[in-house]
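Below is one structure; the comments refer to it alone.
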Amino acid sequence: MSGSFWLLLSFAALTAAQSTTEELAKTFLEKFNHEAEELSYQSSLASWNYNTNITDENVQKMNEAGAKWSAFYEEQSKLAKTYPLAEIHNTTVKRQLQALQQSGSSVLSADKSQRLNTILNAMSTIYSTGKACNPNNPQECLLLEPGLDDIMENSKDYNERLWAWEGWRAEVGKQLRPLYEEYVALKNEMARANNYEDYGDYWRGDYEEEWTDGYNYSRSQLIKDVEHTFTQIKPLYQHLHAYVRAKLMDTYPSRISPTGCLPAHLLGDMWGRFWTNLYPLTVPFGQKPNIDVTDAMVNQSWDARRIFKEAEKFFVSVGLPNMTQGFWENSMLTEPGDSRKVVCHPTAWDLGKGDFRIKMCTKVTMDDFLTAHHEMGHIQYDMAYAVQPFLLRNGANEGFHEAVGEIMSLSAATPNHLKTIGLLSPGFSEDSETEINFLLKQALTIVGTLPFTYMLEKWRWMVFKGEIPKEQWMQKWWEMKREIVGVVEPVPHDETYCDPASLFHVANDYSFIRYYTRTIYQFQFQEALCRIAKHEGPLHKCDISNSSEAGKKLLQMLTLGKSKPWTLALEHVVGEKKMNVTPLLKYFEPLFTWLKEQNRNSFVGWNTDWRPYADQSIKVRISLKSALGDEAYEWNDNEMYLFRSSVAYAMREYFSKVKNQTIPFVEDNVWVSNLKPRISFNFFVTASKNVSDVIPRSEVEEAIRMSRSRINDAFRLDDNSLEFLGIQPTLSPPYQPPVTIWLIVFGVVMGVVVVGIVLLIVSGIRNRRKNNQARSEENPYASVDLSKGENNPGFQHADDVQTSF
């Protein structure tokens, strides 16, 4: 037989083998899909029950259902790895196997997997049940929602905002710190066992595509694209930042630096994530009708159900389906009126088996009106890709899922749409001033959050990669916050805090870069859909409601789920394969032009050195080596604790003796910042149990003067080696080390020896005087002539004749 025949036969055998493998894989996946649907549903339902009723019983049921699902998935993942991907040509089968071959947390040992699950549950519970108490009324302890969020959204009281901001982080962040350290270690171990560099790399894997014809995309490319688009957005953000800073100076005179960063607790919510609630303070043309329709909603007696019904109408108007009957029956759209503890953070749920729900403690505000559109956008995506196999029921990437609802929010927020649904009066007319008002409100929500999102995820990526040691987490967090976002901490935070975890998404193990990518995608989608809807005019005035053509195009993309690369899905709608920030910049172009004119005489950018507490801070310099030489000790956390305690003691003494007040200052009331390795730092003092009540620097200086010697003695230093800059030295004597027992014994012994020597010397002198006196009377050796070589018998060589001590 010829060689070509054998080659053909081998190829046929190989093709048959591949065909057999592919058919077996299809059969395996069909069986998996059937079983996974039920087990996943039971796990999701138990999780829903826990999130809407936080009890020990429900967490136990959630853990049990989750364990069953995890065990099943682990087993199926191992089986999936027996099907070589190289032998699979059907892309739908191949993408399912690729997904299932990722083992997730099941690669961990049983003990570690259980510990990780315990940590995640604990972090979620701490976040959902944490409270902060009003220092002026300690019995008033508030949950985040409702309670603390109301303060952070509405209060203009600097100090009230500060105690709420700090109280949340001290109560929640500090509890989460040790858990988050374990979480990072375990998640990294899981990611590396799944062949990723670290957990951040694992998250970025959601964007990775192995495809042909230019549709491939790498994890490293995501980092490059995010950084590149951020440099393009930054000029717009810097001008928005400068404008907001000038307006905050009007509201909080003397509290804001005209060239510095913005205090983190003044930015509209608990995290400074969205600046939406700053609109009343920053509205450019206040005489114009208010485009925040919250008051109109209240006056028209809107409630949560009406809000979601209006959102549903919007989606239906573009040809997308109604919500299911089960959605309306099973969703939690308001906070329960009973005593149940719930997770209020808005989330959309695809439990499986056609069961779609939203969980949200809705309030009658324009912000929640837009949030309802966002969450319902998730549900529309879930319903659209329900036609896909179980493993492909997901967004093309995580950013796509977040973007869908935001597309609708862009249209729903326009004055034209608000007039259509009766929230703006029919007589409302748009002009250049109302246009700027509208765009500024949009920018506070959309542009203001981008650096926040970018910086948070950049910090987490660096933490997972090991580029920030845990001993420097908070130090680096606030360095990056100041440098990238232009936001400064209102009080310094040490390494006992975990400020990132005070945000829902961090405490609950969500990737966060999705909120950055979604913002880029949503404007790309909006521009494309507006073009399909035949919109004419500026992009920011486009309302795609009632455009069935736009809805049809969107639905085609939603139905794909994860069956195709996201690059292909993006191209299907917008005509390009990559993120492009140009539509976003085009949307805000009129505002950017206006902001540059407004900021013409203002400083644009921020000085990262300024701190809100700088005026009341005292700088300390410590010179251990020069003072103690080889006996110098190491300055560490324990020494800093002693310093803070010493200052607290000085404050107690001062208030007791000078002001006749008994105030229980403790070390936590002494706030240290700007610690340098050569031992210098700043500190200030707040009242006991009230971080917003800063003790005037002058009183702290008086307290230090009163107790200066005690403080010096605690560290074996003096005024020259323990310097409080700006406080005159007390001229107290240099430190005298305490006398120890062995020195006393040594002194006594040496004293006895010296006395003995003195006595011997005295007695020797007396004897010589007697001998000299005798020789002067008669010299027995006077006849000896030494010049003739005669020996003097009075000179003895023997040692025993010498006087000894």
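Glycine too: its Cβ is placed from the backbone N, Cα and C atoms.
Annotation source Swiss-Prot lists chloride binding site at Arg169, Trp477, Lys481, citing sequence analysis. Residues annotated as Zn(2+) binding site in Swiss-Prot: His374, His378, Glu402. The annotation domain 'Peptidase M2' is assigned in Swiss-Prot to 19-607. The domain 'Collectrin-like' feature in Swiss-Prot is assigned to 614-805. Positions annotated as topological domain 'Extracellular' by Swiss-Prot: 18-740. Taken from Swiss-Prot, the feature topological domain 'Cytoplasmic' covers 762-805, and the record attributes it to sequence analysis.
Overlay of Swiss-Prot feature records on the structure.
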residue	record	DSSP class
Arg169	chloride binding site	helix
His374	Zn(2+) binding site	helix
Glu402	Zn(2+) binding site	helix
Trp477	chloride binding site	helix
### Task
Around the recorded Zn(2+) site, report the further residues of that chain (criterion: Cβ within 8 Å of the mean position of the Cβ atoms of His374, His378, Glu402; site residues excluded), sequence-ordered.
Ala348, Glu375, Gly377, His401, Ala403, Val404, Gly405, Glu406, Arg518
### Query
What are the other residues, in sequence order, whose C-beta lies within 8 angstroms of the center of the C-beta atoms of Arg169, Trp477, Lys481 at the chloride site?
Ala264, Met474, Trp478, Glu489, His493, Tyr497, Asp499, Pro500
### Query
Which of these binding-site residues is closest to Trp477 (chloride binding site) if you go by CA atoms: His374, His378, Glu402?
Glu402
### Query
Any idea what the Cα distance is from His374 (Zn(2+) binding site) over to Arg169 (chloride binding site), rounded to a whole Å?
28
### Glu402 (Zn(2+) binding site), number of other Cβ atoms within 10 Å
22
## Note on the structure
If you rank the binding-site residues Arg169, His378 by how many other Cβ atoms lie within 10 Å of their Cβ, the lowest count goes to His378
